[in-house]
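To keep things clear, I will list the structure first and then write my remarks on it.
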Amino acid sequence: RTCQSQSHKFKGACFSDTNCDSVCRTENFPRGQCNQHHVERKCYCERDC
């Protein structure tokens with residue numbers, strides 16, 4: 001199962017999974033990706049849970 005948490009450090013709309021992933025790694029998550037949240041794309045960090 002994968003748990004997601006919105007990134008606290010990522011600023012602005014998320015268009016690059018690579019950038020999101022890099023920011024999530026600084027937040028001690030193994031990976032991250034952009035996901036649609038209402039009208040905005042946000043960076044979500046993921047880990048196995």
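Each residue's number is its place along the chain shown, starting with 1.
Here the Cβ of each residue, glycine as well, is placed from N, Cα and C on the backbone.
Listed in Swiss-Prot:
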- C3-C49: disulfide bond (DISULFID)
- C14-C34: disulfide bond (DISULFID)
- C20-C43: disulfide bond (DISULFID)
- C24-C45: disulfide bond (DISULFID)
Please classify the secondary structure at C24 (disulfide bond) using three-state DSSP.
helix
Are there any residues in the same chain, six or more apart in sequence, whose C-beta is under 8 angstroms from the C-beta of C14 (disulfide bond), and if so which?
C20, C34, N35, R41, K42, C43
Alpha-carbon distance [C49 (disulfide bond); C24 (disulfide bond)] in Å:
16
Other C-beta atoms that fall within 10 angstroms of the C-beta of C43 (disulfide bond):
28
Would you kindly give the Cα-Cα distance separating C45 (disulfide bond) and C3 (disulfide bond), rounded to the nearest Å?
8
Least Cβ-crowded entry, counting other Cβ within 10 Å, from the disulfide-bonded residues listed as C3, C24, C34, C49:
C49
Three-state secondary structure, which DSSP defines for C49 (disulfide bond):
coil
